[in-house]
Amino acid sequence: MVWQRPDGRKPYELRPINFHTKFTRFAPGSVLTICGETKVLCTVSVAESVPKFLTGSGKGWLTAEYRMLPSATQQRHERELLKLSGRTQEIQRLIGRSLRAALDFEALGERTLTVDADVLQADAGTRTAAITGGFVALAEAISQLLQRGVLERSPLCGQIAAVSVGLLEQEAYLDLNYIEDVAATVDFNVVMNKNLGIIEVQGTAEEGSFSRTQLNQLLDCAETGIQQLLIAQQQAITDWDRLFVGK
């Protein structure tokens, strides 16, 4: 039996992806990331200080926070006020780890970049959309810092994107929506850089197990999607050639 995708996409086809840059007024970097029906607002703020463990090192830092609006899902959920759920903590750590791989912290200097990812509407893939859109917002923020003379050179030495993949009817599918995410027997979140090096892989079998061959199929599927996302990011960042200093 072959899985029929609810939106008619092919197995290795992404949902439509759009980055609306300069979406808010005050944050140096802000992007509304739309991935199908998933919508995540990514902003980047700058503080002229670093955590205590970096004070005097000459190096900067990047951290991330992730939240969902109560009405982002079909059934309203309570706001996380006094204590974050384990899921929220895991996701914001993933976002931070992933985007730190894009930066030269010596070039950033002793300042902290905070990436805020706020899910406005969730149809699965919120963490991968937050990483992919968060990178665009990060580039926008760095562009602003260079224009203002805060930075002498760009610290953007890497490019990062992320996508979900899963097994449905024993076959690999790219960029799962909510219906597919629930039905998948195996699902992965894959983060890669510009050279398709793996930054992080989160994966689990919901039912039974999966083979090494299927694992390779899932990674190949993710690689196909990330190549497209990397291009979309570059097209959304107006001064990409000036900002990116990596290889």
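Note: Cβ is positioned from N, Cα and C throughout, glycine not excepted.
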Same-site phosphate binder from R76, R79, R87, given that Swiss-Prot records G125, T126, R127
R87
Longest CA-CA distance among R87, G125, T126, R127, per record bound to phosphate, angstrom
14
